[in-house]
């Protein structure tokens, strides 16, 4: 490409800049994406630990007792215990609060500082859990883990979106989701192994959460900060040199000027939380709220949190329940590669819509199989064939999520906010995600006890609603530079009424279309 040239790209009217994909930016994004290991490891570890007999005997003897003595005459209510659910869900309540603190630190001190705080809090929380002697220590550890997750999830997707060139931003950003799936799979494998230990297997499972935390802490020292963040803090020359380095080009004037324009606009914003409520930011506000809500209401964390518990509820043995969780973890990780391949080739909308249809069908089928075997009484049994079918459809469901709502739930909110509201937008994204993750974690086992197999129909109906929402209201953002999202909203049939002309930056583009 000739020096200084830029061309229009499909998928929303944005343009690409000079420079290509460098080994430096790929390595940087890989290290940063390890922040997803924090989230993924915890998602995978808690369900396996809460199904371990030694753990239940020590901390939740009433649950272990009701399982052994079969006090409940329904399989649906076998694990229904609020304190047990609080062990899982408390992390996400802390993450919700931490995400708001992280947004301020991310803006004032850079993305790296937030990533460091996240890793350190997660490390301390892992040690609390590994050496816990009572439920209070467990909950304190989980709250510290939540602070780590809140900071990491607020800063890492923003960091990835700002470092990556627009044409591969989707693939590199999905590295965060890939790290989450790797963390889930590793946690499932560790749970399967530690369940064989005579003693303290649960301590090993919880303590090994320190490993991704150490990676995050070390990575935060190694990584450079983003040009966007440097400009926000007045380091213009350093920002330009970093932009040249990550783009592998000497002439980055057009992109650098757009970044400067965005930073100047951001400096005029004294309160991003107030400004994000303005009408011109309405699309970003809606999607930063709706996408994480819908992501959680798919029911995916029913599988991620409680896979071993769910499979034991349905009559799988201890080994079979843990191995089934490993299988879903493998499917989750491998399916994420589909998204990495497809997101910048076929766009975000196609993956959202296909994944939604796939999840809807699978939720209906799983609910129907469970209803046919257990009915409303919950006193039936699973045949091996039925168990295999349920596991198969859960795997297809997980695959649909893993190449659509899983990675895109983090990617799209991180790429649609202009710089002046980006920390606030990402904080909303993370906090809404964490709030509904908390609700699912805290009340799923109770909902299963009361709604029985109908719970899967409930999740299916939510998937149908969110798929229609995406079809009508989300424009394609493939190949659109972050600072040019105003053009995309301005061209959309519904959102254009909220976007004034002066909200579109980059006036030196001759290829603007209406």
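Heads up, the Cβ atoms here are built off N, Cα and C, so glycines get one too.
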For the transmembrane segment entry in Swiss-Prot, name the matching range from 264-284, 285-305. 285-305
Transmembrane segment per Swiss-Prot - which of 51-71, 135-155: 135-155
Please state which member of 134, 191, 332 Swiss-Prot lists alongside 177, 295, 296, 301, 410 for binding beta-D-glucose. 332
Annotated transmembrane segment segment (source Swiss-Prot; candidates 320-340, 488-508): 320-340
Averaged pLDDT score, the topological domain 'Cytoplasmic' (1-18): 41
Annotated stretches the transmembrane segment (350-370) and the transmembrane segment (453-473) touching (3 or more Cβ pairs under 8 Å): yes
Can you tell me which of 113-133, 170-190, 204-224, 285-305, 320-340 gets the most C-beta pairs within less than 8 Å of the transmembrane segment (453-473)? 285-305
So what sits near residue 177 (beta-D-glucose binding site) in its own chain, CB-to-CB under 8 Å and at least six residues off in sequence? 36, 336, 339, 402, 406, 407, 410, 411
Within 10 Å of the Cβ of residue 77 (disulfide bond), how many other Cβ atoms are there? 19
If we call contact 3 or more Cβ pairs under 8 Å (sequence gap 6 or more), are the transmembrane segment (285-305) and the transmembrane segment (113-133) touching? no
Stretch with greatest number of CB pairs under 8 Å, the transmembrane segment (113-133) reference, 19-39, 86-106, 204-224, 320-340, 428-448 candidates: 204-224
